[in-house]
C-alpha cells in the first residue's frame, strides 16, 4: 500500500510540555506503539497524529473470521483487506486501548487531551466514481451505486441507501394512487349533497364560537370549508386507507426479500455481530474475557419510568398547543381585520400547526442523552444502538404526533355543549368541530407540518453544513511570509490532506441514526394518518428523491468520513417499521370511524334518510343530513358569564340557535341517533381493523421473506462445505 495512506488521524491542541494533558496524550500514543502502530506527527495550529495499524492485526482478523471454504491455510497467509474493514478494526482498537491510568480515548476526549479522531476520505482520484455517479444533483433519478457505497462507507450505510431507494421506489406506486384519490376529490368538490346543503343554509343560525362577544353566524358562511372537507372526506378515503395498510405490509415484505438478496451477494447472510465484536476484542487484547449477558429488572423499570416522564412532558406540550388554539380562536374572532375575523378557525389551525412544527424542531435539537439518560449497561454496540433507537424514536414519535392525535380523536368530542362547555383551567372553552366534520383540521395540520419539514428543514439540513464548511475554510491559516534569507520549508505531502479532512463537518457514532430517524418519522406521517392526507405519499416521494442526493452530498463532500460498520440488515428499525404498520391500521381505522363523517352519513342514509321510506326516485339519500346532525339550543340557557353580542341580529331574536351534536332540545341529553352512530362507528372500527390486519397477515404469508434463489444458494454452500469435510474422513477397509 501507498506509504502516505493512514488509517486514522488523531487531533490534539498543542499542550504545554510536561502538562497533565501532554503526559496523558503521550501515554496513549505509547500504548498504540506497543501494539505495533506506526504514528506520524504533523504540527500546525493543532497537532495531527496519523496512525497506521500493522499488517498482522488484519491477518489475525481474517484468520479468526475465515469461512470454512477460505483459502487461508495459516494466520501468516496474506490477502487484501478492504479499506472499510481496516478502518473499522483500527477504530475499535483506538476506542478500546486503555492507558496505565485506565483511561480510554473517549475519556481523553472529554478531558480535552484529544479533540477528535477520524478516518480519512480517499483521495480524489480514488472516489471519482462515487462522486460523479451518486453525490450530485443531476443524478437525482438515477440508480444508486450500492456496491460502490458499500466499498467506501461500509455495509451499514449501503443498506441504509438500499432501503431508502427501495422505499422511494414503492412510494411511487402509493403516490400515483394518492394523487388519483385527491384528483377525484377535487372533481367532486361541489357535487356533495352535504356541502350543497351547508352552502344553502342561509337561515340556519349557529352558536358563537367563543365566550367574549363572538357573533352568531350562518351555516352558509362556511360553504368553502364544507367543499374542502368533502374533497378529503369521501368514499375514496376508505379505499385509500385500506390500500395503504396493504402497501405498508407489501413494502416491508419485499424489502426483506431485497435485503436477503443483497446480503447474500455480499456473503453476509449468516454473519454474526457477536462473533465479529468478540474477534476484535481478542485482537485488541488476547486476554479479554467476554462480557456476560445480563438483565436488570431495576434498570428496566427506571428506563420505563424515564420514558413515561418524557411522554408526560410531551403531553403537557400538546396541552399547551391546545390552549393556544383555544385562545387564538377567541382573539381571531374579535380581530379588526375582516379576513382574519371571517376565517378565524382556519387561521388558528394553521398558526397552531406552525407552532407545532417549531416545537418539533426545538425538541429534536434538545440533546436526547440529556433527556433520556441510559441506566442500562448494554453488552455490545448493537445492543446500545437498539436501546438508544427505541427510546429516541418513542420520544420523537410523541413529539411529532401528540397534537395530531388530539385533533384526530379528541377535538370536538370532549368540549361539552352550549350551556355546559368543558373549559381549560375553568376559563377557556375547548374548540368545536365544523358542522361538516373535523377531518379538514387534521388535513391542514398534516399538510402544514409535512410541507415545512420537507422544505424548510431540508433547506436548513443542506445549508448549515455548507455554511459551517465555508466558515472553517475561511479560518484556515494563511501561508506565513518568509524572513529575508530563510529558505521555504518543504511541506509534508500529508499535511494539506489531513487539514482538509479536519475542516469537514464532524460525524458522530449515531450520524446514520439521525438519517434513519428522519425517514422513519416521515414513513409514520405517510402511513398513520394518510386517510386524512392522501397527498402524504406524493410529498414523501418527491422529498426522498432529494433526500438521497442530499445525504450523499453531505457524506462525500461536507462531512468527515464515517467509520464503516458491518451489518446484514437495518437492525431494530425493521421492528419499528412493522410496529408503525400496525399503528397505521389502527390510526386510519380511527380516523375514518371517529374523525371522518363517513359513518354518520352512512347511518343517516340507511336509517333516517328519505330513501328508507322508499320515496327516493330522484333524491340523494343524504339529503337532509345536515339538519339531522344539528341540535337546537335556547339562548337563555347559556352560562351566566357568557358574553353575547350586545345587539343580537334579527335572525337570532327568536332565541333559538343550533350546534353540531345529537342532543334533545329539552334537557340536552343524547338522542337515540347518537347511540346509533356510536354503535356504527365502533362496529366499523372493529371490522376495518380486523379485515386490514387479516389482509396484512395474508400478504406477509403470501410474499416469502427470503427468495427461493437465496435459499438455494445457502443450501448449495452447506452441501459444498459438508462435501469438503467428508474428504477428510478415511473409509475403513473391509
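Using the three backbone atoms N, Cα and C, a Cβ is placed for every residue, glycine included.
Just so you know, TrEMBL annotations never went through curation; they're auto-generated.
The predicted model assigns the domain 'Anoctamin dimerisation' (84-146) a mean pLDDT of 85. The feature domain 'Anoctamin dimerisation' is assigned by TrEMBL to 84-146.
What TrEMBL records for 149-714 is domain 'Anoctamin transmembrane'.
Tertiary neighbourhood of the transmembrane segment (157-186): same-chain residues 143-144, 146-147, 149-150, 230-232, 234, 236-237, 239-240, 243-244, 247, 250-251, 254-255, 258-259, 262-263, 512, 515-516, 519, 523, 526, 530, 534-538, 540-541, 544-545, 547-548, 551-552, 555, 562, 564-565, 567-570, selected by CB-CB distance under 8 Å and a gap of 6+ residues from either end. The transmembrane segment annotation in TrEMBL covers 157-186 (among others).
If you look up TrEMBL, you'll see 237-255 (among others) marked as transmembrane segment.
Among the features that TrEMBL reports, transmembrane segment is placed at 302-327 (among others).
When Cβ-Cβ distances below 8 Å are used as the criterion, the transmembrane segment (347-367) is approached by residues 314, 317, 321, 324-325, 328-329, 332, 340, 395-396, 399-400, 403, 431, 441, 444-445, 447-449, 452-453, 457 of the same chain, each at least six residues removed from its ends. Feature annotation from TrEMBL assigns transmembrane segment to 347-367 (among others).
Here TrEMBL flags 388-411 (among others) as transmembrane segment.
Annotation comment: TrEMBL describes 520-546 (among others) as transmembrane segment.
Feature annotation from TrEMBL assigns transmembrane segment to 567-594 (among others).
Stretch with the most C-beta contacts under 8 angstroms to the transmembrane segment (520-546), considering only 237-255, 302-327, 388-411, 567-594: 567-594. Of the candidate ranges 237-255, 302-327, 567-594, 302-327 has the most C-beta pairs within less than 8 angstroms of the transmembrane segment (388-411). Mapped onto DSSP helix, strand and coil, the domain 'Anoctamin dimerisation' (84-146) counts 32 helix, 3 strand, 28 coil.
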